[in-house]
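The structure appears below as structure tokens.
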Amino acid sequence: MSTALPRRNGGKRVLPGFKLTLGYTLFYLGLIVLIPLAALVLRSFSLTGEQFWIAVASPRVLAAYRLTFGASLIAALVNLVFGLLLAWVLVRYQFPGKKIVDALVDLPFALPTAVAGISLTALLAGNGWVGQYLEPLGIKLAFTPAGIVIALIFIGIPFVVRTVQPVLEDSEKELEEAATCLGATRWQTFTKVLLPSIAPALLTGFAMAFARAIGEYGSVIFIAGNMPMVSEITPLIIIGKLEQYDYAGATAVAVVMLVISFILLLVINGLQAWQRRRAGMGA
Amino acid sequence: MNSRLKAALAAAAFLASAAVSAQTLLNASYDVAREFYKDYNTAFIANYKKTTGKDVKIDQSHGGSSAQARSVADGLDADVVTMNTTTDVDFLAERGVVAKDWNKRFPDNASPTTSTMLFLTRNGNPKGIKDWDDLIKPGVQVVVVNPKTGGNGRYAYLAAWGYIKKKGGSDAQAAEFVGKLYKNVPVLGKGGRDATTTFLQRNIGDVLITFESEVVSINREFGEGKVDAVYPSISIVAENPVAVVERTVAKKGTAELAKAYLQWLYSDEGQEIAVKHALRPRNPAILKKHADVFKPIPLFTVQELFGSLGEAQKVHFNDGGQFDKLYTPGR
């Protein structure tokens with residue numbers, strides 16, 4: 001690339017006025033993100049501490065947190081591996097129909113999640129196209145936590161592919177070739193050369209897939225079976241509380257979700273920064 | 001003021017006056033009443049024109065009954081609400097959106113139609129399900145709506161509970177029976193339609209507990225003969241309450257129209273339209289006329305056994321209530 005990008009330390013800034021832009025940033029974030037979330041927290045304040053605790057820590061709700069975070073984590077981990085593979089194939093190989101495959105990756109972004117849920121359920125239910133062959137083998141996917149994981153894998157895959165793809169495109173083939181010339185095995189080349197450079201992107205993709213899965217409702221609701229303690233996700237608990245006009249209880253659970261999700265994302269962001277620093281020092 | 005702005009203002013004023021001349025009514029209703037109110041609105045508009053000479057326009061808004069009630073409470077400008085559970089209207093009364101004594105404003109607890117809970121089995125009823133007792137047999141799978149997320153599920157639960165109580169059983173026996181019943185439940189639907197899809201399209205379960213009105217629409221949707229409707233020895237009355245949204249009609253000046261709209265539901269014509277959509281009419285003569293559709297079975301009311309739906313909600317469905325106790329770990 002020959003275009004001279006303004007460097008951070010070069011003193012050239014695209015937008016003038018740090019104070020103005022930062023002020024605008026904070027104002028905009030406040031308007032779009034913080035005020036709605038603050039309203040959520042405030043609404044849960046109508047509960048006493050004890051009521052709050054009962055609402056957010058009953059065994060049913062705890063089971064729902066476990067399921068939501070557990071299934072999201074598994075799905076994000078699966079996407080981490082297979083998203084990398086997909087991105088790799090899309091970047092490094094030419095094959096007929098590549099454009100179509102590339103476009104297909106984005107489909108879960110655009111699709112209404114309910115459509116995903118309904119079609120996955122139709123596919124995996126005991127009488128579905130795939131389910132009818134699995135059921136005799138004793139494998140039940142629809143209406144079990146396994147079905148939830150599948151739905152979350154589906155909606156999460158583009159996040160990993162789309163964050164890793166550009167980094168892979170930028171990574172230089174010559175480095176890998178050099179590693180091979182110096183006698184590295186394929187596995188060594190992968191872990192010592194390739195992985196460090198794409199690790200931050202992979203982690204970002206993982207974090208986004210994970211975050212998206214935690215908040216997912218539409219695609220999961222049809223395939224979950226909604227059995228308390230078994231396959232009930234937290235968003236359904238919130239809807240259930242609203243159906244009982246328990247606004248305060250619903251917001252209490254929502255606040256807990258908000259806090260856990262925020263902490264998780266903060267941790268992942270921290271990990272990513274650490275990873276980037278490490279990679280930067282090694283280079 | 002420039003001329004273009006003036007023209008725009010004039011146009012706006014014209015549109016506003018046109019809107020006033022034809023009054024508009026918004027009916028916030030529950031999900032599966034969509035087809036019923038579509039038919040009813042056409043008939044009502046024609047009748048209103050004939051009797052008063054005035055044109056009206058009626059908009060419909062449908063969704064889950066409680067979700068609809070919540071949006072009206074939060075400010076949706078509906079003129080009338082037509083729900084499938086009284087608690088939804090009670091909630092609006094608490095918020096001061098509808099009259100406190102809404103259930104006295106129209107005849108029959110302000111519920112022009114009712115429905116009841118029935119069983120639906122697969123064609124030919126292979127498991128020979130006849131009554132509530134058959135639902136707790138080992139190996140029978142029952143599909144039902146989660147009482148936490150749907151009125152349909154609440155009525156199914158209360159109907160099962162009431163069956164034991166009406167036989168002279170104690171609360172403990174009723175709890176035991178209902179607990180056994182839910183042990184046979186493989187999938188809890190989120191709402192009525194969700195449960196129907198699970199039962200019919202996913203082929204899960206041997207029997208579906210649902211509203212009588214849903215049975216007829218299933219026959220219409222999926223074709224006759226796919227399912228058998230089984231009338232148990234006794235079941236529950238589910239009232240479909242209606243109310244004028246005082247907050248909106250005061251603002252829009254549509255009080256009279258809203259009242260006429262709901263009142264006409266009780267007319268012979270209105271009741272006949274309800275029959276077509278498998279809602280039990282309140283008019284005894286019309287109900288009798290259609291005895292082939294609405295098989296006469298002994299029915300009990302929520303008030304009779306549970307005080308009110310609101311009280312049943314507190315005892316049974318709120319967090320930590322009976323349902324949570326019957327349906328928790330250790331299964």
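Cβ atoms here come from the backbone N, Cα and C positions, even for glycine.
Owing to the predicted nature of the structure, the values given are computational and were not obtained by experimental measurement.
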TrEMBL annotation of transmembrane segment - which of the ranges A:109-130, A:197-218 it falls on: A:109-130
Segment proximity, the transmembrane segment (A:20-42) to the transmembrane segment (A:220-239), 3 or more C-beta pairs under 8 Å: no
Stretch-level contact, the transmembrane segment (A:142-161) and the transmembrane segment (A:63-89), CB cutoff 8 A, at least 3 pairs: yes
Chain residues in Cβ proximity to the transmembrane segment (A:245-268) (below 8 Å; excluding those fewer than six residues from its ends, i.e. six or more beyond): 37, 40-41, 43-44, 46-47, 51-52, 55-56, 61, 65, 68-69, 203, 206-207, 210-211, 214-215, 234, 237-239
Positions whose Cβ lies under 8 angstroms from the transmembrane segment (A:63-89), at least six residues beyond its ends: 105, 145, 148-149, 152-153, 156-157, 159-161, 164-165, 168, 198, 202, 205-206, 209-210, 213-214, 216, 228-237, 256-257, 260
